[in-house]
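Data block below; observations after.
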Amino acid sequence: MAADPKPEEISHPPMDQLQGLEYCIDSNPSWGETIALGFQHYVLALGTAVMIPSFLVPLMGGNHGDKVRVVQTLLFVEGINTLLQTLFGTRLPIVIGGSYAFMVPIVSIIHDPSLMRIADDHLRFISTMRAVQGALIVSSSIQIILGYSQLWAICSRFFSPLGMVPVIALVGFGLFDRGFPVAARCVEIGFPMLILFVICSQYLKSFQTKQVPILERFALLLSITVIWAYAHLLTASGAYKHRPEITQINCRTDQAYLISSAPWIKIPYPLQWGAPTFDAGHCFGMMAAVFVSMIESTGAYKAASRLASATPPPAHVLSRGIGWQGIGILLDGLFGTMTGSTVSVENIGLLGSTRVGSRRVIQISAGFMIFFSILGKFGALFASIPFPIFAAVYCVLFGLVASVGLSFLQFTNMNSMRNLFITGVAFFLGLSVPEYFREYTAKAYHGPAHTRAVWFDDFLNTIFFSSPTVALIIAVFLDNTLDYKDSARDRGMQWWVRFRTFNGDSRNEEFYTLPFNLNRFFPPS
């Protein structure tokens, strides 16, 4: 029997690529497994795609039919944007979904006095939608310009592993209010869902059928099916008949009114709500949300590359992805999705949970989004899953993405007081500042920035509502001003310097080269 190693002999060397995944970015499971995994990613993406319109559409004066149409449009454009990003953008296995970062400026537009005084609810809904469309179309130019001009690539050269740790980690941790607080709204289905998902994905992951770890690979689908059936049983048995309305909305499986309101077949198309309207104040507020979306997506790209067992995306690829995301927000504005786009954090977490980082799986999921958004009744069936079920899964998946951010600390020297200071301060303020803005808004019904210039208020409130954005501002500033000349080694720059350029590492070509030999026309820098 070998003797236990001495403490000084124990070493965990830093690794550019995460090990332990079954399939990386350019390797694929069998077609049957790929299709099932793609459907699983589609089901997970439904949570945000239904939550955002369910909150916003009633505020705008819309009815259940309007909500279904917005959900269908959002899923349709999500599918298109995901295909564009996986084919021509970063080429990482990421789902492009709706973003909560746009909530502040959109709610501000909804409460615009010129729109609130419209008496007819449907006309107010249409007018508000067209105002949001105009703001999204104009503000999308921020990401398009910064991305395709490679300006964001130049900015990213100031990002070190140390500076990006709080940003990537808070992409997950910053969404803590979407996790257990929502799951606890219906604890009788939220808590069992959390327990069952953890048991299937972790404790029973060695269970195999035909050499496939079926419980680990499809834990999400299996757990949702069991708990959804359980929730339907509770609903049918009358368990919620005399409960408060808020409990019924969160627990019952027949409260979304999506199936009855959905058409059998409906193809979303550009300008389906009418011609967008443009207002300078609305556009300025929305630009802040586009900026926040860009920062959050930058952190998400880094996390996705690690969970796909790829190298960190070079600056050129990062900027290319932001450019295509800007195109995605432009499409959001043209089609009328009611919100802008960003990388879906929960779907990144699912890459790690299933240990499948295949690009093809995500492209198949995009196909499901487009298909079921056209076949309205079938899509509405899956979209009627109660929100606490999704929130229970978020508790695991957001945490997994956050831990990927923490894993970048392996490239840095955490015995340095400088590094401890930067990491701690960026983490704390990244959580504390947005929490202050949320609490203030909940009590005062407006953000801390409250002047006569509404566009200015929206700009500041949107920026400081985002944990990753606050963390990036603080971490990158401190990291590039505090003893930066003598600390390149401690910051981990020697690990990332070769990933700044496309040709800096031979593996970049394998992971990030454009398809159809397009690199001939768009040579990487």
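Even glycines carry a Cβ here, placed using N, Cα and C.
Curation plays no part in TrEMBL annotations; they are all automatic predictions.
Straight from TrEMBL, the features:
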type     : residues : note
TRANSMEM : 39-58    : transmembrane segment
TRANSMEM : 94-110   : transmembrane segment
TRANSMEM : 131-152  : transmembrane segment
TRANSMEM : 158-176  : transmembrane segment
TRANSMEM : 183-204  : transmembrane segment
TRANSMEM : 219-240  : transmembrane segment
TRANSMEM : 361-383  : transmembrane segment
TRANSMEM : 389-408  : transmembrane segment
TRANSMEM : 459-478  : transmembrane segment
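As a quick check, the transmembrane segment (459-478) and the transmembrane segment (361-383) miss the bar of 3 or more Cβ pairs under 8 A, pairs 6 or more apart, so the two do not touch. Taking every recorded stretch in 39-58, 94-110, 158-176 and counting its Cβ pairs under 8 Å to the transmembrane segment (361-383), the highest total belongs to 39-58. The recorded stretches the transmembrane segment (158-176) and the transmembrane segment (389-408) share 3+ CB pairs below 8 A when only pairs 6 or more apart in sequence are counted, and are therefore in contact. Contact between the transmembrane segment (39-58) and the transmembrane segment (389-408) holds: at least three of their C-beta pairs are under 8 Å, each pair 6 or more apart in sequence. For the transmembrane segment (183-204), the list of distant contacts is 215-216, 219-220, 222-224, 226-227, 230-231, 234, 246-247, 250-251, 353, 386-389, 391-396: same-chain residues at least six beyond its ends, Cβ to Cβ under 8 Å.
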